[in-house]
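Asks: Sharing a structure, written as structure tokens. Questions coming.
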Amino acid sequence: MSFQAMETFAEISQEILMSATKPPDFDFVLEQVGNYGTYQIVFFFIICLPTSLPSAFSAFNIPFVVGNPPHTCHIPEGKEYLRPLTNDTQILSCKQYNETQINVFRAFTSAPVDTYSDRISLVPCQNGWDYDNSTYLDSLVTEFNLVCDQQAWIEISTTSFYVGSFIGNCLFGYVADKFGRRRSFFVILTVLIVCGTASSFAKDIESFIILRFFTGLAFPALFQIPFIICMEFMGNSGRIFSGLMTSLFFGAAMALLGVVAMFIRRWRQLTFFCNAPFAFYIIYYFFLPESPRWSVSVGKWADAKKQLKKIAKMNGKSNVDVDELVDSMKNHQNAAEEKETKRSHNVTDLFKTPNLRRKTLIVTYIWVMNAIIYNGLTLNVSNLPVDDYWSFIINGAVELPGYFVVWPLLQCAGRRWTLAATMIVCGIGCVSAMFMPDGYPWLVASASFIGKFGVGSGFAVIYIFAGELYPTVVRAIGMGMSSMVAGSGLLLAPHIVNLGKIVKILPLLIMGLMALSAGILTFFLPETLGAPLPMTIEDAENFGKKPEPDSGMFTQAAKKRESQPLLEPHTPMDRRRRSSRLMNI
């Protein structure tokens, strides 16, 4: 036997040894049945994508529902003298002259009120308010008179939604990982439809706030769970596609909501329209499958086989022996993996090991910054010299081009560099507003839109990136926890925007610095392009521990793609290839 033959024999022997110890993981099995074929595309467009509509419509109709139009004290006919003689809209909105004092003066003089108005005290509106209905035909504010000393109810109604989101993120993240994605989705959908629709019939502000809380409880998970299912059905390129298309559709849904609200200018009808029609999605119960990746992670092998066979059949790969592949994966589960899949998981698992803890904290910080900036810029857009409806439409539409920009970047530059770039662009755009010359408000608006362009793109990337960093056994918990903390951060957004009353440019400056800090911190996360999704806590802890010697943007991404083996050492085809090579020796 020649030296070359001996070398080849040694190489093959090593491959055979590897095949005995290295089982096929789920990503390999999914690749065999098709990880981005007809099944995934049909599933995504018919089932996953449409579920972005109810989450966008239910959550973001609130600016129109609580629209606060210009208003003044209602002055009875013939008593115009009760209206304060000032151009201060804040006074005119909530104050009128004290009628008792005026009557005393009028008993002794016939002089006009303006001659002694400085001696008349101002009192709260005594006869209700007159509202300008040129923008809103009615709203929660105008129906329940939530103005002046009652204005705090508007903030409470908004806050109740975010408090519900905060709790729902944690609760339904656990439920989705414990009981499955499919069951959780329909529980959440039912809660949102019932409570959202019921809020359109609220008889008082207290009832509306309670129902709004439960709507918020369901909102985050309703958006996240279909995305998680899609991501767990697909390979690397499919995950990019599904993540960006979901965000693209969400942005389009936001713009569409602005158009719908423009035609439905009564808050009860709008609230009903934004919730009740989505009861149609209940029929998805008969079509939405459980994630086979989740089934594998909790040891439901029969369910995983059944779903993988459907995928293989629809993708034209019926010749693949799914039973053999899944049985091999099952039989080669090591003791640690078996322990992982059988025990119950909770949010503390994300913090027990140092590497996963570090990644969790960084991802959560970036998510919080993204959420505050995204919502802050949305609120700040209302200050542009266009009406509320056009502001909202522009706010949704400006995100759309960003998704087309990050799509190729995610595949050639990777997740880390793309996320960092989007947040830094956002930061530069917002901070640049302070350098704009006075008298050119459109320049400040452009800076704000550049910021929204960046943070909107980053919103799509963080979902993909976080989903690939968290392991399957706690993926929904991890994403729910990060989103939950971000939801609590959302309470800061209105206060940051209100700082514009002190210095107009201050909100953009603060949000710009937030974005820059998030962009820089992104570089401390490992790249996930081309890497298999971690299944267990151990997988996630080991991933990214050792930085690659060459961390260049395009070089690293290319190496990850090239490093993917064409044939795994445990496949039947590879065994035949080895036999052929041995015969040639």
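Backbone N, Cα and C atoms are what each Cβ position is placed from, and that goes for glycine too.
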Asks: According to Swiss-Prot, do L140 and I537 sit on the same side of the membrane?
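Replies: In Swiss-Prot, L140 is across the membrane from I537.
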Asks: Of the residues N98, N380, give the one that Swiss-Prot describes as N-linked glycosylation site.
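Replies: Annotated as N-linked glycosylation site in Swiss-Prot: N98.
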Asks: Would you count the other CB atoms within 10 A of the CB of N133 (N-linked glycosylation site), including those on all shown protein chains?
Replies: 13
Asks: Give the number of CB atoms, excluding that of N98 (N-linked glycosylation site) itself, located within 10 Å of its CB.
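Replies: Taking every protein chain into account, the count is 15.
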Asks: Do me a favour and check the Cα-Cα span between N98 (N-linked glycosylation site) and N87 (N-linked glycosylation site); whole Å is fine.
Replies: 18
Asks: Counting by DSSP, what is the helix, strand and coil composition of the topological domain 'Extracellular' (498-504)?
Replies: 4 helix, 0 strand, 3 coil
Asks: Taking only the Cα atoms, work out how far N87 (N-linked glycosylation site) lies from N133 (N-linked glycosylation site), in Å, as a whole number.
Replies: 20
Asks: Is it possible to list how many residues within the topological domain 'Cytoplasmic' (234-243) are helical, extended or coil according to DSSP?
Replies: 8 helix, 0 strand, 2 coil
Asks: Looking at the topological domain 'Extracellular' (265-269) alone, can you tell me the average pLDDT?
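Replies: Mean pLDDT, the topological domain 'Extracellular' (265-269): 94.
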